[in-house]
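Quick notes on the structure that follows.
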């Protein structure tokens, strides 16, 4: 199968490479031509074609039963502009996929607008960060059933597969989507994929914050505000490591935390000023709309706000985790 990919950053480029490794062909475009050239060079030989412009990409994809274009750009105006341009370049039967972190209500609107032109729209919440090339991507997507079936070869190639994760008892019973244990899921109509990914990221905020606070408490057990007899000098890297081995809180986030603390007990390479990319805010907005209490996620989001006005070790833990799973660097 052939697909166009727009935006070849940390995830978009790796998505292109992974698809070619699984026998698919890609037409790739990035606003920086050097990036496009680099990604083509990383792809399997003969399976990647560069496109200079969006119009060039649309032309190169002509002849396919349905032209499919995956947009992997930052949420907001840049993605909105790209989708609008594609809406004018593609036609009836073609498919636009937004694999970024778009606000789900924008997906609902775009889907309706594009449907008037006969263009299908799929929103894919994509998790996996810089590790997705080798591990695969966990994907939650929304769109019509027919479109989901057509792009299944693309999604199944990107997904991690069942791997060595134990199967959940009862999964063979009727009513369970077999794609879920392969690492990708058709959640429902347009907007539902990004909605589920939005909540996923809200949960991520809470989990990260719990680790950050816990390590901060342990580090501060040697604080001068305590009487000397009450102090413990604890090794953060060793504690993170032992927790990885069979504890209830073992997880990928803990793995990344252990790596960071093994490299540097103080995490002084991080300022502790923690960004938020929008999904946490949208999750809280959804909770308010639904009258659902979400105190943990709300506190985690507000802590990120606080981090930008005063630094402490907890925020350095968060920065280290974000760098570990997504290659996110702190804003200077």
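Cβ atoms are placed via backbone N, Cα and C, with glycine included.
It should be emphasised that the depicted structure is a prediction, and the values quoted were computed from it without experimental measurement.
Quick look at what Swiss-Prot lists:
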- 7, 8, 9, 10, 11, 12, 30, 31, 32, 101: NAD(+) binding site (BINDING)
- 101, 127, 129, 200, 201, 205: substrate binding site (BINDING)
- 197: active site, proton acceptor (ACT_SITE)
- 204: active site, proton donor (ACT_SITE)
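Here the recorded positions are 197, 200; the one with the fewest Cβ atoms within 10 Å of its Cβ is 200. Here the candidates are the recorded positions 7, 11, 32, 197, 204, and by Cα distance the one nearest residue 101 (substrate binding site) turns out to be 197.
With all protein chains in the displayed structure included, the most crowded Cβ environment within 10 Å among the binding-site residues 32, 127 is that of 127. Annotation: 30 carries the greatest number of neighbouring Cβ atoms among the recorded positions 30, 204 [cut-off 10 Å, Cβ to Cβ]. Largest CA to CA distance in the NAD(+) binding set (7, 8, 9, 10, 11, 12, 30, 31, 32, 101): 21 Å, whole number. The CA atom of residue 30 (NAD(+) binding site) is located 18 Å away from the CA atom of residue 129 (substrate binding site).
Neighbours of the residue listed as 'active site, proton acceptor' among the binding-site residues 7, 127, 129, defined as a Cα within 10 Å of its Cα, are 127. The binding-site residues examined here are 101, 201; by Cβ neighbour count within 10 Å, the least packed of them is 201. Of all Cα pairs drawn from 101, 127, 129, 200, 201, 205, which the record names as binding substrate, the longest spans 15 Å. DSSP gives residue 127 (substrate binding site) a strand state.
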